[in-house]
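This report refers to the structure that appears directly beneath it.
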Ligand code: NAD
Ligand code: LMR
């Protein structure tokens with residue numbers, strides 16, 4: 001009797017949220033824990049894992065977890081592996097590419113990762129033109145414009161369905177501010193806007209309840225730590241890569257938000273780097289700010305709100321760098337046939 005009740009409940013929840021999700025680069029430092037977390041998400045019923053190495057092994061391993069989704073591995077060696085991983089999927093996460101080593105900037109990854117993202121975006125545009133694409137591969141400020149250009153070339157670009165994942169900056173901000181204020185990080189929220197690299201990451205501390213209680217030294221240190229949290233991990237891993245586990249949590253959180261929007265849940269708002277009207281008149285095509293997610297992807301892009309004079313200075317510098325990063329991505333995509 002008890003068993004029948006449990007079984008019925010499990011069936012109902014999966015039937016309500018039957019989403020197909022594909023991870024490209026699923027066997028890397030981010031890809032594996034991200035795929036694990038997606039296997040635990042009951043909105044996902046068909047999880048497809050693609051990588052140039054070991055996708056079948058990782059998929060078989062994860063597939064033994066008793067949640068109500070299928071997990072399939074697709075390798076680059078098999079004919080149509082990438083195509084089949086993408087066919088009619090609804091959400092594509094891209095953590096494929098190389099990570100930083102100490103001394104490198106995210107922009108130093110451009111030469112390798114731009115080509116990887118270009119090729120994967122081409123396959124996504126051809127096989128899953130209606131899917132939401134969540135770009136994790138760095139430099140995000142440039143890889144997102146590359147995906148946009150690829151989809152435009154293929155005639156299937158939908159700006160509501162393209163997202164640069166900046167959630168790691170948001171979760172770091174919650175954690176770091178809670179360490180200064182000695183509070184529960186799960187109850188802390190800091191709006192982080194701009195882009196995803198160094199000075200393009202702008203945490204709006206003036207909008208938090210600590211606006212008037214942090215000293216200038218505390219504020220400057222906190223801003224710096226949020227902007228350069230990635231470097232903290234790269235340095236600590238000492239040549240072994242960059243953030244993977246916290247990024248997997250961030251990626252799974254953002255994917256869940258997009259799926260919640262698809263499912264019609266209300267008031268799902270997360271920061272993301274999107275094709276944004278906010279600073280287009282200044283030539284900045286993409287910008288991260290709070291975005292409300294809905295059944296079609298982006299439902300509303302919120303302005304950044306009131307900011308302090310200090311934050312206005314940060315915004316000015318952010319825009320200069322962002323513009324260059326975006327132009328670099330667009331130029332790269334346009335140079336490819
Ligand atoms: P990793 O080297 O551990 O994993 C990358 C994976 O991508 C590997 O399994 C590799 O085989 C795979 N790959 C490479 N080329 C591929 C292709 N053409 N098709 C499919 N798979 C391919 O690296 P990682 O630590 O997982 O980091 C991945 C990327 O994510 C890096 O660019 C890193 O800078 C970025 N990153 C972004 C954020 C963010 O906040 N957006 C955070 C952390 C890392
Ligand atoms: C991060 O913020 O941790 C990632 O962008 C990876 C990196 O290179 O720092």
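Just so you know, glycine gets a Cβ as well, placed from its N, Cα and C.
Here TrEMBL flags 20-164 as domain 'Lactate/malate dehydrogenase N-terminal'.
Taken residue by residue with DSSP, residue 137 (NAD(+) binding site) is part of neither helix nor strand, so it is coil. For 25, 26, 27, 28, 29, 30, 31, 51, 113, 136, 137, 138, 247, the entry in TrEMBL reads NAD(+) binding site.
Taken from TrEMBL, the feature substrate binding site applies to 100, 106, 138, 172. Long-range Cβ proximity for residue 172 (substrate binding site), meaning a same-chain Cβ under 8 A and a gap of 6 or more residues, is found for 225, 226, 229, 246. In the three-state DSSP classification, residue 172 (substrate binding site) falls within a helix.
Residues annotated as domain 'Lactate/malate dehydrogenase C-terminal' in TrEMBL: 166-332.
In sequence order, 106, 138, 139, 140, 141, 164, 165, 166, 168, 169, 273, 288 are the residues of the chain that are 6 or more apart from residue 196 (active site, proton acceptor) and have a CB within less than 8 Å of its CB. What TrEMBL lists as active site, proton acceptor is 196.
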Original post:
In Å, how long is the longest CA to CA span across 100, 106, 138, 172, which the record gives as the substrate binders?
Top reply: 18
Original post:
What does DSSP give as the helix, strand and coil breakdown of the domain 'Lactate/malate dehydrogenase N-terminal' (20-164)?
Top reply: 63 helix, 30 strand, 52 coil
Original post:
What's the CA to CA span in angstrom from residue 137 (NAD(+) binding site) over to residue 100 (substrate binding site)?
Top reply: 11
Original post:
Listed NAD(+)-binding residues 25, 26, 27, 28, 29, 30, 31, 51, 113, 136, 137, 138, 247 - what's their greatest C-alpha to C-alpha distance in Å?
Top reply: 18
